[in-house]
Amino acid sequence: MMANKITRQAYAEMFGPTTGDRMRLADTELIIEVEKDYTIYGEEVKFGGGKVIRDGMGQGQRLSAETVDTVITNALIVDAVTGIVKADIGLKEGRIAAIGKAGNPDIQPGVTIVIGPGTEVIAGEGMIVTAGGIDSHIHFICPQQIDEALYSGVTTMIGGGTGPATGTFATTCTPGPWHIHRMLEAADAFPMNLGFLGKGNASLPEALREQVEAGVMGLKLHEDWGTTPAAIDCCLTVADEMDVQVAIHSDTLNESGFVEATLGAFKGRTIHTFHTEGAGGGHAPDIIKAAGLPNVLPSSTNPTMPYTVNTIDEHLDMLMVCHHLDPSIAEDIAFAESRIRRETIAAEDILHDLGAFSMMSSDSQAMGRVGEVIIRTWQAAHKMKLQRGALPEDSARNDNFRVKRYIAKYTINPALTHGIAHTVGSVEVGKLADLVLWKPAFFGVKPSLILKGGMIAAAAMGDPNASIPTPQPVHYRPMFGSFGKALKTSVTFISQAALNNPAIAALGLSKPLVAVSGTRTLTKADMVHNGATPEITVDPETYVVKADGVHLVCEPATELPLAQRYFLF
C-alpha cells in the first residue's frame, strides 16, 4: 500500500499537532512546541463514525485485564516532568497506566495501550492535557470554594479551617482532634483531594503531636496565633519527628523578632513559606529574603500576581477586612500600609520568572481567589515574557521551558512540598488520573473536562434538555464522578501517624486515605524548574529589592490576557 502524504495543517486538524508544530496558549504571548510524538504516523487511533476505533480495527477483542478503562487519544501533554509531548494516555483503575501508542496489537505495530470492548474513549485531538492543579493555601471558609476550584482545573486543596469561624477567616488551621475528625468526615462529600493543616502555634510539642495523630497532613504557623521563634522551633521539631510539612505566615509586626530571628529559628530545616512576598503577611518589609534560602520552599498567593495598576488599591481594602482592622484606628492603617509595598510586589513577578519563587496558591477568601490560581500563573508568565523577553533556556521558536517552569508552580512543586508527589502533581505513569483537558484557545482559563481518579467529575456542559450536549447555556456542572460512592475517585491526605491511629479507622471514612511522606529532606533544589537561590536584599527605607545585587523592578501591567475577553458570559 502506498503512503498517503498530507500537509501538516491537515494532519493537525485531524489528529492534533505533532513534533515541531507550535501552538499559542489562549490569548497569551506564550508559544509551545511539541517536543516528541509517541503515536505512529499512519497508525493513529481516533473515535467516531468511519474512524479507527472500531471492532477488529483499532479496537481488539481482549478482556479488561489486558486493556485500559479509558484512553485519551492524540493528546498534547503539557507537564513539568513529562514535558510537552503528543501521546495517547491510558487510564486503568483510576490511575495513569501508560503514556504512548494506543490501538489493537493484533493488527497494529508499537501498541503500548490496548483498546478493547471495555475501553471508553475521550478525544484528545487538538486538546491540551495537564495534571490537575494543587492549591496549597486554602482557608476552608465555605465548601462552595471546592466547586469553584474544581471548575478552574484544581483537583487537590490543602489548607485548614472549620468553616466561617473567625479563626478560619484569618488562619489556615484546623485545630484539635474534634475539628480535624469532623473535617475528615466532611471531606468524603467532595470530588476533590483534600488535606488539612493543624494549628502549629505551640511552645510545647504534645498538642502538636496530638493533631498530627488526629489526621492532619501538616501544621501551620500563623502570626495571628503567635509565630514566635519558640513556636517555630517547636513546630519544626514535631514535623521532623512525624514527617509532615510546616507552612508559615510569619510576624508582620516584628514583635517577637525580625526576619533574621525567624530564619534563625528554622535552623536549616525545611519549611513552606506562604505569600513570601509579604503582602499576605510576614515580616515587614523583608520577609521576601526567605526565598533565597536553600531550606525554604516559597510560594505566592494569587492577588499580588501579576503586578498590575490595580494591585495596591485592592490590597489595602482586602487587608482591612481579612484581619479585622479598623480604618478609624491609626495603628491599623499603619499595619496595613506596612504590608502593601509596590517594590516587593513588583520583585515577586521577577523572582517567579527566575525560578526563585517555587509555587502559586490562592489564600481562598482570605486575601485570595480560589478559582484564579491557574489564570494568575499564566498571566504572570505572559507579563514576564513581554517585560523580560525569552528565558535563556528557551529559543526564538518557543517558550517551552518558561511554560514548564510556570506549570510546575501549581502541580509538581506543591505536591513535592507536601509529600504527595507519589500520588498527584504530574502526568506520569502510576499517579492518580487527575487530569484536565483544555481547548488551546481556553487554556488556563476555562477547562473542558476535569477528571478525578480517571472519572469525569466536572465539565463545561450545555442544556441538559437539549437534543445534543452543546446548546447554551453552557456552564460548569458536576458529572457522575461527583456523586455517590464515585467520590472514592478522590483521596484524603493525612499523616502516617494518623493512618496508623485506630481512631481514624473508627471514623468509617469512605474516601481512600493516603499518607504523606518525604517532606523533611526536601531542599529548594528539589523544586522542579524553580530551584534558584539568589541572595535577596531589601532596603529598609526605600524597599528596593535586589537579587545577587541586581535591582528587581518591573512596571505594573495595564492589560492582561485570560481576562475580560473570556468572561463576557
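Note that Cβ sites are derived from N, Cα and C of the backbone, with glycine treated the same way.
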Per Swiss-Prot, K220, H275 bind Ni(2+) 2; matching candidate in H249, H283: H249
Per Swiss-Prot, member of D353, D363, D394, D399 binding Ni(2+) 1 alongside H137, H139, K220: D363
Alpha-carbon spacing, H139 (Ni(2+) 1 binding site) to H222 (substrate binding site), which is rounded to whole Å: 12
H222 (substrate binding site) and H323 (active site, proton donor), Cα-Cα, nearest whole angstrom: 12
Most Cβ neighbours inside 10 Å, all chains, among the recorded positions H139, K220, H222, H275, H323: K220
Listed binding-site residues among H137, K220, H222 whose Cα sits within 10 Å of H275 (Ni(2+) 2 binding site): H137
Distance [Cα-Cα, Å, rounded] between H222 (substrate binding site) and H249 (Ni(2+) 2 binding site): 5
